[in-house]
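Undergrad: Sharing a structure here in structure tokens format.
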Amino acid sequence: MPLSYQHFRRLLLLDNEAGPLEEELPRLADEDLNHRVAEDLNLQLPNVSIPWTHKVGNFTGLYSSTVPVFNPDWLTPSFPDIHLHQDLIQKCEQFVGPLTKNEVRRLKLIMPARFYPKVTKYFPLDKGIKPYYPEHVVNHYFKTRHYLHTLWKAGILYKRESTHSASFCGSPYSWEQELQHGSTSLNGEKGHGTESFCAQSSGILSRPPVGSTIQSKFQQSRLGLQHKQGQLANGKQGRSGRLWSRVHTPTRWPSGVEPSGTGHSDNLATRSTSRFHQSEVRKETNPSLSTSKGHTSTGHAVELNTVPPSTVGSESKGSVSSCWWLQFRNTEPCSDYCLSHIINLLEDWGPCYEHGEHHIRTPRTPSRVTGGVFLVDKNPHNTTESRLVVDFSQFSRGTTRVSWPKFAVPNLQSLTNLLSSNLSWLSLDVSAAFYHLPLHPAAMPHLLVGSSGLSRYVARVSSTSRIYNHQHGSLQNLHHSCSRNLYVSLLLLYQTFGRKLHLYSHPIILGFRKIPMGVGLSPFLLAQFTSAICSVVRRAFPHCLAFSYMDDLVLGAKSVQHLESLYTAVTNFLLSVGIHLNTAKTKWWGYSLHFMGYIIGSWGTLPQEHIVQKIKDCFRKLPVNRPIDWKVCQRIVGLLGFAAPFTQCGYPALMPLYACITAKQAFVFSPTYKAFLCKQYMNLYPVARQRPGLCQVFADATPTGWGLAIGHQRMRGTFVAPLPIHTAELLAACFARSRSGADIIGTDNSVVLSRKYTSFPWLLGCAANWILRGTSFVYVPSALNPADDPSRGRLGLCRPLLRLPFRPTTGRTSLYADSPPVPSHLPARVHFASPLHVAWRPP
């Protein structure tokens, strides 16, 4: 007869009518009993032939591809002018005095952050934007491109200008050296010497941002490089020849990277394997086409070979031969859905390219990407805005993967010890926290994103296109990309983006200037940064508590008035160092702090309501007697594991599920096991804060017997059969707790001390978790343990009782500056010693 739920509860000693603990508990360690119960509850994981269940409620397999939903109305979030001040350490020192070594070390880590992987794989530009939404290819392309453009404008990305130069917007840092041509400054106070102009290490001309100074020195010829003084002709033939040949090397065009749609008279340029168009070279060799600010350049080609000097820049609009978009203007429409109808809507489509306010030299950056991007909903609660997902997973894979640094995450007990108090709380929202931390420009070539331009993208998606054919000149090839879908999509997008459609249809390569989210280094750096900032705040306001986990910052103070003053002072400080807070999202929690999925109050910690609701839904949909795919079990265990510390039996109750996942077997829930788990999770108990105290109760065991020292009283007992030493020690600790009721117990066993009962026999682990819930353990060496003699059967000898203090730990939660203890009572209305009047100093 299968084991009923009531019988199972009694077996686990969860009912009150159980017999004496010393007799009942050792029975649960019996291997035979554990096997029989596992068999009865169907926990033996037989190899089932029934088909597995791959979906339980919302849970599907961990690696199953849930189809993301594309929202054509996604808004691109705005990024404020985020610029973390470079003198951050000095500003913190002005605020709080000298910083501790830990704080300085952490702040230096991110000023600037460095990232040097062992190996970087480069992918073709076609893989820049992932075809995540096959039904909305064009729409997704433009929305992603707009998102990238927004990030570049906000100073979060560099734009690759050539193999060795990049441009960006926003305020420069001191390590971002402005691009110098040899000894010449950007602003062109001195002339550009020919030597330095040619000395780019890759042999590609870099774009002079200010055209006029060079123009005065160089006559405009087909190359734009004939010096008035005849320096090039005078003994420098070899170098100018080298420059000319490099300019003509087809595979080496800089990142203006547009597949050319027209036949040039020069065959080499036409057949270039990468088919990048010549706008960059054209722009560099004819500086008259660069605007004086170096901001935008007209995308109108000047043919390299046959243009006489007089025609350069003479047409206001220039020739459109190299721009795929503008070529449609001069062609006959091929159908009602020809793109020329859209291109003819506007006379001025704006520039082909934009350039940043600042230009810097970079290490060699190929015209490739190292990761793909796509858009998803910002979060489950906000589907109106999009979020950019960057896939740099190449750095976490294979033999050359980067092993990311580890950092301490506060465990539940540490968090409760630290934050469970009667303070008033609020949470601060740091907007785009990752994008605060600057990256060294040397990391840029490893973190490249971008797109190959609309024509290539459309060609790749539409199977009929012959754009890769070398016959670029034929118009019917140009019109091969015309289709009803593309026409309708572009017409709708035209209402959103207007003339920017032209800019976005060109290829672009961007590198990260601030840390991206898709790299394992980023969470580590963010955690170091926010923990150092909180440490500074805690020392500046000693009677308050500031704590952070990643971008979640919380502040606590003894009264609401105190908290308001603290909030003003801290936000002013954070804004003064360049940390951008979203003040609209500040949450005032009162006395129950919501943090990291928990509710933390003076009574302890519980999981937040939405997690409890999820667990209820999970149990409602959990099938009985049906094999469930182990990947779905991973999802179920993830959810139940979060709330396990709040249940009677804790993690040990989930061990059968863990075992099936490890064995990659399907799991079958028996009605009894499901009822047992369900009951466990319907009644959640708070995890309380540990209190300091003196240890008065000690436990010890040998494989054959146990001994207790409770105050001056000594007790001993024997086991029916010898037990493994860890099991015996755990039983002794349980007896000590049940006999004395003490919540601080001394033991010399490290496994009991760790409070992880998952490696014990299953039934014993479940029962012990409930008996020892809320118990704190203190380590006492065997030689000093007063319970050592009784456990060996010697009651007559009494070792003196130790005075062993227990101090609750906050783990390795990066609290370098200990805050002074907070008095537990609320102050009187205006008590003379109120922290507002005495301890609190304005910044």
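Cβ coordinates are placed from backbone N, Cα and C, and glycine is handled just like the others.
Just so it is clear, the model here is predicted, and its values are computed rather than measured.
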Undergrad: With Asp551, Asp552 listed by Swiss-Prot as Mg(2+)-binding, which of these, Asp429, Asp629, Asp700, is given for the same site?
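TA: Candidate listed by Swiss-Prot for the same site: Asp429.
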Undergrad: What's the number of neighbouring CB atoms sitting within 10 A of the CB on Asp429 (Mg(2+) binding site)?
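TA: By my count, 16.
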Undergrad: Once the DSSP letters are reduced so that anything not helix or strand counts as coil, what is Asp429 (Mg(2+) binding site)?
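TA: The residue in question, Asp429 (Mg(2+) binding site), is strand (DSSP, three-state).
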Undergrad: Taking the Cβ of Asp551 (Mg(2+) binding site) as centre, how many other Cβ atoms lie within 10 Å?
TA: 18
Undergrad: Starting from the Cβ of Asp552 (Mg(2+) binding site), draw a 10 Å sphere and report how many other Cβ atoms land inside it.
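TA: So the number of other Cβ atoms within 10 Å of Asp552 (Mg(2+) binding site) is 16.
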Undergrad: Taking the region 'Spacer' (178-346) alone, what is its mean pLDDT?
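TA: Within the region 'Spacer' (178-346), the model's average pLDDT equals 46.
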Undergrad: Using DSSP reduced to three states, classify Asp552 (Mg(2+) binding site) as helix, strand or coil.
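TA: In three-state terms, Asp552 (Mg(2+) binding site) counts as strand.
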